[in-house]
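Inspection log for the structure reproduced underneath, given as structure tokens.
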Amino acid sequence: MPRRRDVSSSCCLPLHLNEDNARFGLLAALILLYLLCGAVVFSALEHPSELQAHRHWDQQLANFTEQNSINLKSLHVLLKQYEEAFAAGIRVDKLRPRWDFSGAFYFVATVVSTIGFGMTTPVTVAGKIFLIFYGLLGCAATILFFNLFLERIITMLAYIMRWCHERQLRRSGVGGEEARSEDDSLEGWKPSVYYVMLILGIAALLIACSASALYSAMEDWDYFESLYFCFVAFSTIGFGDVVSSQRESYKAQEAYRLGNCLFILMGVCCIYSLFNVISIIIKQTLNWILGKLDCSKAQCPCRGRPYRRRAPGKRFTNASVETVCDSETDAGRRLSGEMISVNDFMANKVSLAILQKQLSETAHGNPRQSHVRQNGFSGGVGAFAIMNNRLQETSVDR
């Protein structure tokens, strides 16, 4: 008897095996396109200003040497020496000391937070060697802190969102069948990851606006420049062209420096959390794009099959990022509390579902039941949760 060919295996299985590479390739291509577009825009915006600045500087040098009868080569030597002094922290205007205790504390804070403004850098060989090992441990610990902060933010937001949902149901009236209907509605209610993204974005914006008001008053920056500094600092880009708390003295100096540190800490935590949630949604969008491309092939057995959507109380992902084919059966397994595979973790396909699942469990006061504490692994959020659950499972198997 001739062997019947399994069409679904021959079509969907190779795609499943190459899904990680396809997602990685698509993301790399989109990032490259994003970089090219960014280069075109910034070149068009900034290059004319750069050329104008060069012409203005050359004119200033020519006028200065002519008026003061100074040899141009000697002036270039002096300017080169000033550049070296500038790198060591010497400025024409009086600024705070770079390497007293408070200056050194500010420096190590920019190191472990990965902001790295660049206005202070070690110049000795011993200092550079120490920085390598200090930054290796400090940056890793700070990333862990940011992940734990994100977990607590998610927990708090889940309780707040559930409270708001309960209040909304009470306003509609409770009694008899309405009460039972309310219980059913509350039990099936799931907090939305998109609301979390919106709340984190609003929180980051409020912190940035409040901090900008402080910087405008204390640093004599205009408000837009203060907002620019907030984004560069909070996102840990840290160009170093504009840096707060660098003058020798301020009015209410200690209070300002404390407020500056608190604003930067809160801003970095909020922006880091926001970036994590946005990256999860981007990955889910990539999955949706790959699913669309897969199902557009004529030989795919799922072509023409309508999207199967879950019931409102069971659906964790938004319809705009739903995938088809075997992803629906996988999602059912993942959302049931079953452990996912290492391949799924590396692809991070279910980060959005895991995050929403944790939101739901936290809001309902029914966290995942596991023997986590005895192995030292905590739950975490998103990809962090998936990794910890896998480590915990491996530890139990041993």
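Each residue, glycine too, has its Cβ placed from N, Cα and C.
All annotation found in TrEMBL is predicted automatically rather than curated by experts.
What TrEMBL lists as domain 'Potassium channel' is 96-153, 204-282. Annotation source TrEMBL lists transmembrane segment at 24-45, 104-123, 129-150, 193-214, 226-243, 255-275.
Outside the transmembrane segment (255-275) by six or more residues, the chain places 102, 109, 113, 115, 146, 149-150, 153, 197, 200-201, 203-204, 207-208, 210-211, 214, 218, 230, 233-236, 244-245 with a CB less than 8 A from a CB of the stretch. Same-chain neighbours of the transmembrane segment (104-123): 87-89, 98, 130-131, 134-135, 138-139, 141-142, 233, 236-240, 243, 245-246, 261, 264, 268, counting only residues six or more beyond its ends whose CB sits under 8 Å from a CB of the stretch.
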